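In what follows, a structure is listed as structure tokens, so that the remarks can point back to it.
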Amino acid sequence: MAEHESLEYGKADFVLLDNVSMEEFMTNLKLRFEKGRIYTYIGEVVVSVNPYRAMNIYGRDIVEQYKGRELYERPPHLFAIADAAYKAMKRRNKDTCIVISGESGAGKTEASKYIMQYIAAITNPNQRAEVERVKNMLLKSNCVLEAFGNAKTNRNDNSSRFGKYMDINFDFKGDPIGGHISNYLLEKSRVIFQQEGERSFHSYYQLLRGAPDSLLRSLHIKKDPTAYNYIKVGGQIKSSINDGADFKAVADAMKVIGFTGDEIQTVYKILATILHLGNLTFGVDGDVTLIENTKLVSVIRELLSTKEENVEKALLYRTVATGRDVIEKQHTAQEASYGRDALAKAMYERLFCWIVGRINDIIEVKNYDARVHGKNTVIGVLDIYGFEIFQNNSFEQFCINYCNEKLQQLFIQLVLKQEQEEYQREGIPWKHIDYFNNQIIVDLVEQQHKGIFSVLDEACMNVGKVTDEVFLQGLNGKLAKHAHYTSRKLSPTDKSLEFDRDFRIRHYAGDVVYSVVGFIDKNKDTLFQDFKRLLYNSSNPVLKAMWPEGKLSITEVTKRPLTAATLFKNSMILLVENLACKEPYYVRCIKPNDVKSPLLFEQERCRHQVEYLGLLENVRVRRAGFAYRQTYPRFLQRYKMISEFTWPNHDLPSDKDAVKRLMQGCGFDHDVAYGKTKVFIRTPRTLFSLEEQRVEMVQRIVLFLQKVWRGTIARMRYRRMRAALVILRAYRRYKVKSYIREVNRRFKNVRSMKDYGKHVKWPTPPKVLRKFEEALRSIYNRWWAWTLIKGLSPEEALQVRAKVASLEALKGQRADLGLQRAWEGNYLVSMWDGNSADTAASFTLVSSELQRKDKFMRVLFSCNVRKINRFHKAEDRAVLITDRHLYKMDPLKQYKPMKSIPLYNVTGVSVSPGKDQLVVFHTKDSRDLVVCLQGMVPANESRIGELVGTLLSHFKSEKRKLQVNVVSPIQCSMSGRKCTVIVEPKINQSQPDFTKSRSGYILAVPGN
Ligand SMILES: Nc1ncnc2c1ncn2[C@@H]1O[C@H](COP(=O)(O)OP(=O)(O)O)[C@@H](O)[C@H]1O
Ligand SMILES: [Mg+2]
């Protein structure tokens, strides 16, 4: 159902074929292969065809395209499956596994690497160092495992010679936190022998071609692989593999993973030991078996850190315990060679398992507590050897093919059988689809007592001479009637089977003829105890630790070790159990040709694989079946937000009804079947669309929750603000009130105070009341002034007015306005200014005379003055200013009035800004009067302020204007002539006096 790819590339999902037939299947597969589309779905199974060329479809950009997407959103890809497995694990907290199957060279290992890469690329978005470290380990471990477990075969330059199942553990956030690798049945026969055109494990060639000379020298080996019997065949092969570079990469990887220097050295020593072992030859001298090239023994001794004689003895003798006696039995040359090969194989196998174990020690999840860190989930990736049919098939092929039968059985169980059974159980109408169930072949191999493994084990247990033929006879006896077993004895006409050597199994994947030669031996897998002790007693602790069973003394009765077949069977059963409890995802790999060609699509070859992988049945079941099923409650839990009937909770009688309602609402009813406990969805498109709607709704729900929460926060904040405001207001009111109260308190009794509260200190107002305080002060000041004025006599009132007028006119222009003293005004009337009683009396007399004559109401001012006369002479005079006239008088003649100026003639007065008492009265007729007040007591009293103020006040009361100038020099007119009066301080001047100057007059005042 994959979209986004046009039909010219064929159908992206085999489920979409018009007719499910082998022809159409093959046509589509071929078309897609030729168009460079190597992946095709069958529902959720990926069918992959090995492209045998670099494909530009695994980059970062492609990873991004698949990340977090649903399976059907993008063209088929391994990444989509990896993502689906990852999503299932994350969404549903389920352990998942990806099972990669296919024959050797079909692309399983490559696929598993791309899957790992993808998982590494999409996890750990926060770049946590610990997770990065784990990911790095997981990826690096692959490189080491391939060096020791892979080899070039005729089918595949990098063929895995072991089965691998890797668990990756994830924390609740979906980041990898560790892993575990299980390895299965290493093809150890390769250590001593390879077919024409094949090589031993990469590790040897890497060591010889990549190791520095110093290392090679210390191992006593030379660069040339053909010098070593065990790898000679492969040493002659030219290949594209760069062993030298790989050596360094592997050494680095081992270091990164955490192998110690000693460990790495031991690994090299073991490889070198095996190479040397292969070159050992045995001879016979009389009845003594001996080692022909004894020099090698001391090299081996050195590499194994043991005693030389021990090495030799272990190679030539075998210790046997009979009852209480321990005897040493010498090997024949043939037995010695057998023992040597067994040692080489066992050492290599042990080394490989030890490497896997070390990697596991390091990558295993540590310090994880599910209660603290949440559930730890797993994705398993199984990359195991595919079905093999060789020219000559032996015990290994038998095991490998049995393994594939087991996996096929699992596939059938999970995908075909279980599915159909589930439909029946759920009461979904279903037409049974036929498929070949290979359980019968699995049973043929592993059944207790009757199975081939049982027969083999029985044969091995027989005492006395046990041969492979005896085993074959046993098979023929027990399995004669089995439909999938035959041999020459059972079908004598079949010339393809050799008498007493071959048997044939009809595997689900095809017929395979096995030769029994070596079965017994390989099953017993004996390594003489002496070797185990030899290695255990090594002084190299790493090597010693690999051989713990060497600790047992010779006489200790040991249980017969489990046979290779039983061990393998047990490991397979465990593996299948492990896989069966996980949610499986499948990658089915197909090998398009035998010649590693990117162009060749061998029809027959591929058809055969499609057949034995059961892909057609897979399509049929898939088409007839349902892509997705889920129990009603869980389905609702996931999708209930899509429908108004189910969100947030439904009120229908059952979850089933609710799901029905939801599906009807979405218009998916036609694509859905309702089972007893589960809902079944036929096409992934529907599921996809449900997911889409869910995502959309979840966003809205999240928005809604955000909205509610934001509202709550805002309301909380508002309430707090309101409260603060209330507090603020109360506080302000309190401040204002207490201020007012305080003002009230302080000013309460001002009326009765002497100064009417002038001395009272104003309290500091709160900020808001500053304006108010100003106003209040001004009200108070007015009140205070009014209260003062209210109590004044008319005389006093006049004086106050005069002072105010003086202040207004002169303030800031003249110092000492005399405001602080009482203004007497009429200074000549009494004995002010040193007047005698007589002079005062004469003045009073004159004054009364004038009052009578001129009818004035009031004397404004009187004082002695110095005056300029018409002839520019200064003379002593007195002035009397009434409300009508200004009189000049002669003090020397009892104040005889001399001349008067009507006040209405006076237009202004000028005074100087100095301390002098100069006054110029300006008149309308330009006959200004220039005088200087004098004779004051005290002498320095200034009366200018008083004079100006009194005049101004009087003029104001008559609503007339009086011009007051404060200037120096003063401009004036004397009898119509303009002149200036300048004030000049003079030393030695005792009294102020006038003198003539060019432009007028100078008032000389005492100066210093
Ligand atoms: N996806 C792929 N892209 C390119 N080449 C591939 C791909 N898959 C496999 N191959 C080629 O096929 C060879 C064998 O693949 P491999 O995965 O080792 O097979 P298997 O593990 O099934 O035996 C690889 O070495 C590589 O050259
Ligand atoms: Mg492989």
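Cβ from N, Cα, C; glycine included.
As stated in TrEMBL, the feature region 'Actin-binding' covers range 572-594 out of the listed 572-594, 710-732. Neighbour counts were taken as the number of other C-beta atoms within 10 angstroms of each residue's C-beta; across the binding-site residues GLY102, GLY105, GLY107, the minimum falls on GLY105. Within the chain, the region 'Actin-binding' (572-594) has long-range Cβ neighbours (under 8 A, six or more residues past its boundaries) at 29, 33, 44-50, 52, 78, 81, 84-85, 88, 94-108, 111, 115, 155, 165, 182, 184, 378, 380, 382, 386, 402-403, 406-407, 409-411, 413-415, 446, 600-602, 605-606, 609-610, 613, 615. For LYS108 (ATP binding site), the count of additional Cβ atoms within 10 Å of its Cβ stands at 28 [all protein chains shown]. With DSSP states grouped into helix (H, G, I), strand (E, B) and coil, the region 'Actin-binding' (572-594) comes out at 9 helix, 8 strand, 6 coil. Along the domain 'TH1' (812-1007), the predicted structure has mean pLDDT 90. Every protein chain shown contributes to the tally, and the Cβ of ALA106 (ATP binding site) ends up with 26 other Cβ atoms within 10 Å. Packing around GLU103 (ATP binding site) is summarised by its Cβ count: 25 other Cβ atoms lie within 10 angstroms of its Cβ, all protein chains included. Other residues of the chain with a Cβ within 8 Å of the Cβ centroid of GLY102, GLU103, SER104, GLY105, ALA106, GLY107, LYS108, THR109, the ATP site, are ASN50, ASN156, GLY386, CYS589, LYS591.
A Cβ distance below 6 Å to any atom of ligand 1 is met, among the binding-site residues GLU103, SER104, GLY105, by SER104, GLY105.
Cβ environment of SER104 (ATP binding site): THR153, ARG155, ASN156, SER159, TYR385, GLY386, GLU388, LYS591 lie under 8 Å away, each six or more residues apart in the same chain.
Ligand 2 lies under 6 Å from the Cβ of the following binding-site residues, listed in sequence order from SER104, GLY105, THR109: THR109.
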